[in-house]
Amino acid sequence: MAVYRPVQVSFWQDAKVIEEMTPEDKLFNLYLLTNPCTTQIGVYQITKKQMAFDLGYSMESVNALLDRFENHHKLVKYNAETRELAIINWGKYNLNRGGKPIEDCVRKELDGVSDISLVHLVTPKVKNDKIRAIFEEFLDVNDTCHDTSTISGEKEKEKEKEKQQQEERAGAEEVVEVNPISFYEQNFGIITPFIADGIHGWIDDLNAELVVKAMQIALEKNTRNMNYVNTILRDWHLKGLKTVADVEAADQAFRAQRLAKVQQQAPYQQKGLSESTKNVIQQQEAWEQNIPTDEELAALTKQSGWMVQ
């Protein structure tokens with residue numbers, strides 16, 4: 001039997017979607033609402049690897065998108081320990097119809113939730129009174145059963161969550177920081193689909209870290225222009241530079257070469273002589289280079305029929 005997840009056309013008219021979401025955000029939002037792991041209650045288990053596989057994104061992109069949807073858009077909550085995700089506004093657009101089959105399904109799915117706090121987030125948005133009553137009944141029972149452990153459990157969860165976040169930052173700190181799309185929006189301005197496609201292309205050809213590095217260089221040069229960024233990335237690509245370490249090593253080599261070239265310049269160029277003095281010396285050097293040798297003078301004399309007395 002086919003499973004359907006309705007998406008209202010008002011999704012595309014929502015001010016938050018229109019003004020705040022990038023094309024990548026919109027796709028991710030639709031994916032969270034309709035992927036095969038979704039449930040009737042708006043809380044379901046899904047791994048980040050599954051998201052990356054379904055969307056064809058890297059783990060870096062999935063981590064960055066989840067962070068953006070949780071902390072910026074505030075539309076979801078993800079428990080990395082139980083790998084459960086809650087869509088906070090799920091009940092606002094779903095669960096409008098009741099009936100015994102729906103109610104039985106809701107009860108069954110609620111019993112399968114590991115992180116009860118996610119159910120707390122979804123419950124207030126459920127509009128159907130009967131369905132909301134089932135949610136509230138489930139929460140009352142679980143709160144009563146675990147009354148002694150709720151406070152300590154919440155504190156422990158907070159500690160575990162903080163530990164998990166620290167581990168994620170330690171192991172993949174660059175994942176959140178090295179998100180070219182977010183970096184562009186924060187430092188360059190509104191991103192267009194064309195620019196977003198170009199950025200994704202460079203991520204595929206090089207990597208996200210190098211794309212952000214190029215943007216940082218553009219900002220340091222006070223050039224908020226994607227064309228300038230593309231020029232930098234194209235140069236790195238042609239030179240075969242694949243990491244930030246490669247770029248820094250190439251830059252150091254270039255500086256050393258330039259310094260050596262300066263040190264090899266003529267002494268008069270290093271002593272701060274005036275331009276007029278430099279010109280005189282250069283003219284003298286050119287004149288000396290044009291003075292014919294004795295052999296050349298003899299040949300010239302013979303050719304002209306001159307006799308040397």
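Just so you know, glycine gets a Cβ as well, placed from its N, Cα and C.
The compositional bias 'Basic and acidic residues' feature in TrEMBL is assigned to 153-172.
Taken from TrEMBL, the feature domain 'DnaB/C C-terminal' applies to 181-250.
As annotated by TrEMBL, region 'Disordered' applies to 148-172.
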Averaging the per-residue pLDDT over the domain 'DnaB/C C-terminal' (181-250), what integer do you get?
90
Summarise the domain 'DnaB/C C-terminal' (181-250) as counts of helix, strand and coil residues per DSSP.
54 helix, 0 strand, 16 coil
